[in-house]
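What follows is a set of notes on a single structure, which appears directly below.
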Amino acid sequence: MALGAFDYVVLTVTLLSSAAIGVYYRLTGGKQQTTQEYMLGDKKLSIIPVGFSLMASFMCATAMFGLSSENYLRGTQFMVINASNIIGTPIVAYVFLPVFYKLGYLSVYQYLEERFGKSTRILASVAFSIQTVLRTALVLYAASLALNAIAGFSQTASMTVVGILCTFYSTVGGIKAVIVTDLFQSLLMFGSVFTVIAVAAAEVGGLSGIWRIAYDYGRVELFNFQIDPTVRHSWWSLMLGGMFTYVSVYGVNQVQVQRYLTMKNYGTAVRTLWFCWPITAFLSLSMCFAGLAIFSKYRDCDPIKEGRITSGDQLMALFVLDTMTHIPGLTGLFLAGVCSSALCSVSAALNSLAAVTLEDYVTPLTNFDIPDGKRVVWLKVLVVVYGILSIALAFCAHFVGPLLQASMTILGIIGGPMLAVFTLGILIPYANQKGALVGLVAGLVFSFVLGLGGPKPPVHNLPTYTNGCSPDSFLDYGVNASSTATLLLPTSMSTHEIHEENYMYLYRISYMYYIVIGFATTVLVALVASLFFESNANTLDPKLLFSANPNGVERQVEPSRKRLSTVSKTVTFSINS
């Protein structure tokens, strides 16, 4: 299917606008000639663009397709995860953020060297890099699904073009270009999701019609309170796993912490975080509702069973193909939103990966004092390198399962141990260097075994139907129509339970608990191991620990580049109420 001329105009203007923003910031102001400007925007960015950037770097193409697919195939229970963020936001704002803001390190993992030594810092940085590159590849793959299904672009070309564009404006424009384009692209992302909902609502009599159909077909489920950890989504798994994931991503992840440090002071950063929470929740709930909107269209003729698509992650793209192509520009708007959702996450990741690599690998390991001008050149080269690596790995992303679960698993198996080691450092003075390192290694190893080991039971879907399909359509897509009768019956729970008993209990645990288990393992092992080594709690610098009253603190930071390279020779950080 070819896009219309107006669709191409909308899509092209969107992509070129992102590139133009990068060029603009390269040619204006300080022209990205210092590390302070290139990586922290001279600490002059404001609440609204940074708030949207915090949201956009987390809510990406995998969320857009994954959340809609989840609600279409398995119901609305996942919506509950948004409530967990209410608990996570104050933990990030008042426990982790004050410590990082006082120190002001460009790489958040520099804190770990101060607290637990160079080995812990490097291991944590490597874990972050692996996590971020894998998730970036997944985002590029998700965007390519839509471009391939709707516009007919090859997945190879789609991943390459989006990846190159992200790399370009991230390289030339620095953090300012990344954050401003995030704001622009976030609005397009909202527009794409709202367009899907509006088109479906127009066909079934409004938003209430979408909800009524979802309820009648058993898609509405919000009160699953089963304690069994093998239940994929329940209040307990979503609240616990969601809260730990939120704190891990927004509290100790380089991508987000770097954005806080673009703000002029701590108080502004906290207000930005509280601004980010409702818009993130609103977009998440909208993506979930978009899945119900798509279900209202295909409730009696499931396109997966019909053979039109092969996975739920392709549902939204198919819906656009079936409902919007006759309206000039609407398909182009949707594709622009999809590309924007990928650009947001990928550009944020590339910028932070470059910062971590220079700060945590190159500088500490070489002990070489790199002049500030050359540091910017290094950073730009690293952005290009990580852009190429992400594009290459995106070609392997089709081997993963559902996009939502794959993305959350990547966040969980590395995020749990990482959150644990920062928590130990900030809240537990008793934890020492060797104990923390042993705990981090044990937590990462166990999390990888839990998350990537197997085999695991298949994901159980709610029943879908084909009684509204034309018999000829099955032949058109190479599906045997006579075989669909058995697909009309819901899978019985008893059959599902018997089937799951064939799998090891460890691998039946809900993926939402991976981050909780990784966190608990790391903390437990680290505390026990710390018993066998000498504690340095009495000699710790107070700035490395949690303070119940961070207000009014003003600190001059004069870091040594030989030991810890930061963004300037003297930086003043004011933490205001």
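Glycine is no exception: its Cβ is also placed from the backbone N, Cα and C atoms.
Some features that TrEMBL has for this protein:
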type     : residues : note
TRANSMEM : 6-25     : transmembrane segment
TRANSMEM : 45-67    : transmembrane segment
TRANSMEM : 79-101   : transmembrane segment
TRANSMEM : 122-143  : transmembrane segment
TRANSMEM : 149-175  : transmembrane segment
TRANSMEM : 187-214  : transmembrane segment
TRANSMEM : 234-252  : transmembrane segment
TRANSMEM : 273-295  : transmembrane segment
TRANSMEM : 333-356  : transmembrane segment
TRANSMEM : 377-400  : transmembrane segment
TRANSMEM : 406-428  : transmembrane segment
TRANSMEM : 511-533  : transmembrane segment
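Ranked by Cβ pairs under 8 Å to the transmembrane segment (234-252), the stretches 45-67, 273-295, 333-356, 377-400, 511-533 are led by 511-533. Contact between the transmembrane segment (6-25) and the transmembrane segment (511-533) is not supported, since fewer than 3 Cβ pairs fall under 8 Å when only residues 6 or more apart in sequence are counted.
Distant neighbours of the transmembrane segment (406-428): 62-63, 66, 95-96, 99, 111-112, 115-116, 120, 124, 127-128, 130-131, 134-135, 138, 241, 244-245, 247-249, 251-253, 400, 436, 439-440, 443-444, 447-448, 450-452, 511-512, 514-523, 526-527, 544-546; these residues of the same chain sit at least 6 beyond its ends, with a Cβ under 8 Å from one of its Cβ atoms.
The stretch with the most CB contacts under 8 Å to the transmembrane segment (377-400), chosen from 45-67, 122-143, 187-214, 333-356, is 122-143. Non-local neighbours of the transmembrane segment (149-175) in the same chain are 1-3, 15, 18-19, 21-26, 32, 37-41, 140-141, 143, 181, 258-259, 262, 309, 314, 317-318, 320-321, 331, 334-335, 339, 342-343, 346-347, 350-351, 380, 383-384, 387-388, 390-391, 394-395; each lies 6+ residues outside the stretch with a CB under 8 Å from one of its CB atoms. Where the transmembrane segment (122-143) meets the stretches 45-67, 79-101, 187-214, 333-356, 511-533, the count of C-beta pairs under 8 angstroms peaks at 333-356.
Same-chain neighbours of the transmembrane segment (333-356): 3, 7, 10-11, 14-15, 18, 39, 53, 56-61, 63-64, 106-107, 109, 125, 128-129, 132-133, 135-136, 139-140, 142-143, 146-147, 150-151, 162-163, 165-167, 169-170, 174-175, 177-178, 181-182, 184-186, 188-193, 195-196, 254-255, 258-259, 320, 324, 379-380, 382-383, 386-387, 390, counting only residues six or more beyond its ends whose CB sits under 8 Å from a CB of the stretch.
Sequence-remote contacts of a segment are chain residues at least 6 beyond its ends whose Cβ falls under 8 Å from one of its Cβ atoms, and for the transmembrane segment (187-214) they are 14, 56, 59, 64, 68, 76, 220, 283, 286-287, 289-290, 292-297, 299, 316, 319-320, 323-324, 330, 333-334, 336-338, 340-341, 344. Residues 78, 135, 138-139, 142-143, 145-146, 176, 178-180, 182-183, 185-186, 189, 192-193, 249-250, 255-256, 259-260, 262-263, 268, 271-273, 275-276, 279-280, 283-284, 287-288, 290-291, 313-317, 337-338, 341-342, 344-345, 348-349, 402-407 of the same chain lie 6 or more positions beyond the ends of the transmembrane segment (45-67) yet place their CB under 8 Å from a CB of it.
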